[in-house]
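Some features that TrEMBL has for this protein:
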type    : residues                                                       : note
DOMAIN  : 13-157                                                         : domain 'Flavodoxin-like'
BINDING : 19-24, 66-69, 104-113, GLU139                                  : FMN binding site
DOMAIN  : 202-439                                                        : domain 'FAD-binding FR-type'
BINDING : ARG347, ARG377, GLU378, PHE379, SER380, TRP592                 : FAD binding site
BINDING : THR453, SER508, ARG509, ARG517, THR518, TYR519, VAL520, GLN521 : NADP(+) binding site
Amino acid sequence: MHTHAANNHERAITILYATETGNAQDLAERLAHHCRRLQFTPTVFSIDAYSPEELISETLMVFIISTAGSGKEPRTMSTFWNMLLRSDLPSDLFEDLDYAVFGLGDSTYEKFCWPAKLLSRRLASLGAREILPRGEGDEQHHLGSDGAFGPWLLKLSKVLLHLHPLPEGTEVPPGDTLPPPRVTLTPGVPAEDIPEPLFKDKRYHLATIKQNDRMTAPDWYQDVRHLEFEFDEDVYYEPGDVAVIHPHVPAVDVESFLSSMGYANIADEPFTIEHNFPDQSLPDHLPETATLRQLFTRYLDITAVPKRSFFSTLRHFTTDELEREKLDEFLSEEGADDLYDYAQRVRRTIREVMEEFRSAKVPKEYVFDLFPHLRPREFSIASSVLRNPRRAELCVAIVQYRTKLRIPRRGVATTYLAALQPGDKIPVGIKKGGLITLPKDVHTPVICIGPGTGIAPARAIIEERTRQGSKENTLYQGCRSVSKDQHYRAEFEALASEGKLVYRVAPSRDSPEGVKRTYVQDLIAEDAKRIWELVGESGAWVYISGSSNKMPAGVKAAIRDAIREYGGKSEDEAAEYVATMEREGRLIEDCWS
């Protein structure tokens, strides 16, 4: 965990971000770049890499906080947040701290930007001064979080300059000035047998693919895989933990891109990378020496849909007058809709954009400034280490669809996984999930709700519990069709026949035409009396995993109804009962967007 000495410089500013997918980090780095233009000295930390003890010595901070699932804080924020919630903290603890908060979320969910709201209130209750009303970026805006972040950043700039006027004789440089690159590249020495950089991190282990099988029916629209990884050493993980996969972009796509960018002749020339600005990040586990081919295969993402900041940087490298005019239109206030239609609406990738803006000549020193990081993907582990301490299993839906332009798309990480063959070896990280804990008493009942690939953590819980000798397990599995996508059906039916599992399945598309579809929350409503007996009388723990759409709210509503109807509670008392379960860790959501 990083610490930084208390910086008494009046223009020092600390920026903390909490992210699940990297969006909050992108905004934090944009903010840091902007603060440097305002003559501040920014320091940027992921919130899990920041020592909370440093807070007491801070005087100026900005927090960029994303939302996980249907209103939870990101996993990276949990330790920091729990520290702030301590009841023994004095109300004037942060009386010297000025702060601002920007949240990222999706307004279709009830708890929109909830972690940012709670953080803002908690800091104020501990004596800190909020210098600007909280900003809230909404994924439903046609510009995504940029729709709110840009205007909020302008307001923040005015507040910062009011509180900390520019030193005499200095002024803010124009916003369209090309900043210096975040790296310096110097010719390197070709090296053979370079050790895998990931293995410097103790969380990563060499894994051999033992199984990569399609579980859905061959004629089903979705390809869902069961993958098994075997390690050469014992590994440790718990239900709710995740496997971290670093994907590779297909070689044919990389080769095509390098050619279109004019990099083909230098693609395999090694260079040494020197980091110039620590507040502008580089990809994790980046080697000291690399080639452009390696960078665009493993570390830089040419498959992503570009954000507005990408076009802003691209403009500096475009020489054709018509192309520059087009970029100026995209970046203007009036052109926001055109930019959305060009990029986000049709899911146009960076690679495709670069093929259209052919005059752009990007110096290799600027590749880290223009192209986003190719981020590792996290997948919930679908097995228990108690069954085999040298194996981990995943349940993965292969991402494939057509854009509005009817162009086929495949997810870079799941395409990488789908292509793996038994015997292939890759590095796999094991990371704490941070959300799921199991009751210490194996006789305490548990209820798992897992539609779709949300069955992964549910399967891990049930496998762990049955290995511990528990028979008090209930599973509500959601699928579309029993014959097409009821994942791990035989396995769960076997446990049910052995008396170790009560197994209920909601196949939403198997109902006759005209009959209401059945979802997991409908089965819970049918079982309301038993649900109350488990939750209210036997102290059952409830785990909800899967997509954070309407399902989690529907499940909690069904549980509230069961408590009201069979527990003799009022509507408000039933709602408070569920809220108490959440606070006590007896009702846990492990959901994703």
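FYI, residue positions are counted from 1 along the chain as it appears here.
For all residues, glycine too, the Cβ spot is worked out from N, Cα and C.
Note that TrEMBL annotation is computational and uncurated.
Distribution of TrEMBL features across the structure.
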residue	record	contacts (Cβ under 8 Å, 6+ apart)
SER66	FMN binding site	TYR17, ALA18, THR19, GLU20, THR21, ASN23, ALA24, PRO74, GLY103, LEU104, GLY105, PRO115
GLU378	FAD binding site	VAL242, ALA243, VAL244, ILE245, LYS431
PHE379	FAD binding site	VAL242, ALA243, ILE245, LEU394, VAL396, ALA456
SER380	FAD binding site	GLY240, ASP241, VAL242, LEU394, CYS395, GLY433, THR453, ALA456, PRO457, ALA460, SER545, ASP590
ARG509	NADP(+) binding site	ARG480, SER481, ARG517
THR518	NADP(+) binding site	ALA506, PRO507, SER508, SER511
TYR519	NADP(+) binding site	PRO451, GLY478, ALA506, SER508, MET551, GLY554
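Put simply, GLY69 is the one of the binding-site residues GLY22, GLY69, TYR109, VAL520 whose Cα lies nearest to the Cα of TRP592 (FAD binding site). For GLY22 (FMN binding site), the same-chain residues that are 6 or more apart in sequence and have a Cβ closer than 8 Å to its Cβ are PRO372, HIS373, ARG375. A mean pLDDT of 95 is what the model gives for the domain 'FAD-binding FR-type' (202-439).
Under DSSP, the residues of the domain 'Flavodoxin-like' (13-157) split into helix, strand and coil as follows: 58 helix, 35 strand, 52 coil. The binding residues for NADP(+) are recorded as THR453, SER508, ARG509, ARG517, THR518, TYR519, VAL520, GLN521; their greatest pairwise CA distance is 19 Å.
Nearest Cα neighbour of VAL520 (NADP(+) binding site) among the listed binding-site residues (GLY69, ASP106, ARG377): GLY69. When every Cα pair among ARG347, ARG377, GLU378, PHE379, SER380, TRP592 is compared, the largest distance found for this FAD site is 26 Å.
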